[in-house]
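Taken straight from Swiss-Prot:
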type     : residues : note
SIGNAL   : 1-20     : signal peptide
CARBOHYD : Asn63    : N-linked glycosylation site
ACT_SITE : Asp156   : active site, charge relay system
ACT_SITE : His187   : active site, charge relay system
CARBOHYD : Asn230   : N-linked glycosylation site
CARBOHYD : Asn248   : N-linked glycosylation site
ACT_SITE : Ser342   : active site, charge relay system
COMPBIAS : 376-389  : compositional bias 'Polar residues'
REGION   : 376-396  : region 'Disordered'
CARBOHYD : Asn392   : N-linked glycosylation site
Amino acid sequence: MTGFFTILSFSLAALSVTNAAQILSVPKGAEVVPNGYIVVMKDDTSQQDFSSHRVWISSIHHNMTRRGLDGAGVKQTYDFDHLRGYSGIFDEDTIKDISNDPKVAFVEPDAIISQHVVVQQRKAPWGLSRLSNRRGGRNYVFDSSAGSGVWAYVVDSGVDVRHAEFQGRAVWGSNLVDNKNSDGTGHGTHVAGTIAGKTYGIAKKAKVVAVKVLNSEGKGPTSGIIAGINWSIRHARKHGMLQKSVLNMSLGGTYSAGLNHATAQAIKAGMFVSVSAGNDNINSNGNSPASERSVCTIAASTENDGKASFSNWGPAVDLYAPGHNILSARPGGGSQTMSGTSMAAPHAAGVAAYLIAKEGIPGNRACLRLKQLSQPTIRNPGPDTTSRLLYNGSGR
């Protein structure tokens, strides 16, 4: 196969080091995929240039194998409207060569992402009634449209699509982490139940699309999360649902420019995106995708309208939502209670789906609408953090 730089009649060795793309680092101690990297091309990279670059990458695959790097090469390719890139296993010499391509914007290690759940215990649900009553109450008040005609992409650990809570409205979309179309942690099923379950859900008529990116330990590589976002955008576009879709990511990890950039593409495409702020009681600015300013980043509140002790905070937070002792669906049937910002984010996704159906707003305008409806009721929200609590605008 003819190499990319042979086609263009010059070689990598001839490139000036001043053109080298930045190789980003991750915080000390962060868990990463061994020799795993994410490569993001510059915004002005044409489809032709990207294709040629991939041809060149394929041509050096055998060289990496000969150097003893087993399983080397490109694993995932990303082709968003405004983001082109790929991820894979590469040795140090290859990464240096890649970074010297003037079309490459940056390279970063492929860090491990985790779900944002902290505890499980059995207690009665309260989140639905709280988000539909300004001053609290026992009943969930909502319009009968209930998210009808809206799709909810749950980018998580999988979903038990046969659970009675979903009434046949849940389907498998894509599995990007293993070959098991099941929810090994219960996390994704719980999240989906909060968004669209018949009993525990907010948008009770919305369709759930399971996009599995986390394994049975609740972990997955950043590259897989980006692939899940890419798949969701393409799937929604194919079905004409971009502006009638919500995408929830109750997960996070160390800061990733690539993940933030990919997440922003979903909003640019027309979708609503909710993400969890994190459970370390720190400023969420250092986490991804929570630090991406265009997404709806959700912190966790308690039954008494306080900040949950574990919840992250900071200027990246858009809203608080119920995230303590939340009852929802469990794989195999039945229910379970979980706490975490992982439980707060799907409340926002559910209300967004509800408002998209009820008011006809496009998905990428829903976060603004949520903030317009929200109430400034959270006590001690944290430094430089909003005090606004999610509300569905029921009038109660």
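Backbone N, Cα and C atoms are what each Cβ position is placed from, and that goes for glycine too.
Fewest other C-beta atoms within 10 Å: among the recorded positions Asn248, Ser342, Asn392, that description fits Asn392. When Cβ atoms from all protein chains are considered, those within 10 Å of Asn230 (N-linked glycosylation site) total 22, not counting its own. Checking each of the recorded positions His187, Asn230, Asn392 against Asp156 (active site, charge relay system) by C-alpha distance, the shortest gap belongs to His187. Nearest by CA distance to Asn248 (N-linked glycosylation site), out of the recorded positions His187, Asn230, Ser342, is Ser342.
Helix, strand and coil counts from DSSP across the compositional bias 'Polar residues' (376-389) read 0 helix, 4 strand, 10 coil.
Within 10 Å of the C-beta atom of Asp156 (active site, charge relay system) sit 29 other C-beta atoms, taking all shown protein chains into account. Checked against Asn392 (N-linked glycosylation site) by C-alpha proximity, the recorded positions His187, Asn230, Ser342 yield Ser342 as the nearest.
For Asn230 (N-linked glycosylation site) paired with His187 (active site, charge relay system), the C-alpha to C-alpha distance reads 21 Å. When other Cβ atoms within 10 Å of the Cβ of His187 (active site, charge relay system) are tallied across all protein chains shown, the result is 27. Distance between Cα atoms for Ser342 (active site, charge relay system) and His187 (active site, charge relay system): 8 Å, as a whole number. Annotation note: Asn392 (N-linked glycosylation site) sits in a coil segment as assigned by DSSP. Under the three-state DSSP scheme, Asp156 (active site, charge relay system) falls in the strand class. Secondary structure at Asn248 (N-linked glycosylation site), as computed by DSSP, is strand.
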